[in-house]
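Working notes, structure below.
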Amino acid sequence: MLATKLSRPLLNLPVKTLTVKNPGNSFRPVQRFCFPLLSSCGSRSYASEVDQIGSRAVLTLGLDLPWPKHLHTKGFIIYAGCLQKNKGEGGSKDLDNMNSDRMRTVQLNVCDSKEVDRAVEHVNSSLEDPEKGLWGLVNNAGISTFGEVEFTSMDTYMEVAEVNLWGTVRTTKAFLPLIRRSKGRVVNISSMMGRMGSPARSPYCITKFGVEAFSDCLRYEMQPQGVMVSIVEPGNFIAVTNLYSPERIKAIADKMWDELPEIVRKDYGRKYFDEQVSKMETYCNSGSTDTSPVIESVAHALTSTAPYTRYHPMDYYWWLRMQIMTHMPAAISDRLYVY
């Protein structure tokens with residue numbers, strides 16, 4: 001694809017983020033290019049931080065990136081929701097070993113309504129002043145998979161949606177009363193794939209598009225309540241998460257092939273199937289390994305007096321592609337990037 005070949009060198013440029021600008025540095029090339037668009041929001045770049053961070057509590061979900069520790073260094077009281085805390089597994093043990101009274105792990109499965117309700121009760125009862133509520137909620141619990149539509153089972157679609165979309169909705173609804181008390185923040189981790197579709201990623205894209213829509217609606221509703229809602233749309237950071245190891249990709253592919261209807265296997269053939277799996281392996285190995293732009297985006301959304309509605313921590317290649325895919329006619333963007 002011509003656009004991919006021409007813009008591939010952009011992958012070698014530093015990760016782009018619209019999170020924070022350093023007043024001491026000159027504008028980046030893309031910022032200069034987009035200055036007329038961004039100038040109206042320029043005052044937000046130098047917005048101050050909220051005060052009394054040390055007395056504010058934040059609940060974080062998803063431990064694949066180290067933002068509980070980063071937010072802890074900012075001075076927040078952290079409640080880290082952990083899927084397997086009761087088993088002493090996963091990231092909860094590492095956080096507990098910090099032996100900090102500001103780092104508190106909580107058993108929380110976003111797919112279990114009763115467990116979510118128990119987490120709300122636990123957080124509410126352990127807040128220093130429950131009437132002041134919970135300052136922030138960071139929704140990042142998620143899973144992913146791959147496979148073209150005809151290769152993907154309905155069970156897989158529902159499994160991914162239950163965690164990524166309904167888990168976000170369920171947890172947000174449960175903790176909103178505490179967030180409203182503090183006039184605090186909701187930060188939902190979406191993805192660039194919540195803005196543009198991608199072949200072989202429909203289960204994931206569907207859920208992230210849903211998170212985007214949910215977050216927009218929530219932002220409209222919460223604005224009169226004084227609650228600010230931000231969306232973080234990371235680019236390709238999959239190489240530093242635990243979502244896709246080579247072994248996991250192979251296991252998913254083998255299971256998918258074994259469960260395909262005979263007519264689908266016959267029509268597509270194993271050669272085509274293996275080619276798509278190989279593309280996924282390449283994608284998983286090509287992402288950025290510096291997650292600091294994502295972590296800084298979350299921190300800015302929680303600490304700035306004027307947080308952004310959307311943050312775009314991603315390579316310039318993906319940022320440019322996202323702008324083209326979302327703003328140009330599909331007849332053009334599809335030709336450039338898909339066909």
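Each Cβ is built from the backbone N, Cα and C atoms, and glycine gets one as well.
Feature annotations, reproduced from Swiss-Prot:
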type     : residues : note
TRANSIT  : 1-46     : transit peptide
BINDING  : S191     : substrate binding site
ACT_SITE : Y204     : active site, proton acceptor
Can you grab the distance from S191 (substrate binding site) over to Y204 (active site, proton acceptor)? Cα atoms, rounded to a whole Å.
9
If you tally other C-beta atoms within 10 angstroms for each of the recorded positions S191, Y204, the top scorer is S191
Please report the three-state DSSP label of the residue listed as 'substrate binding site'.
coil
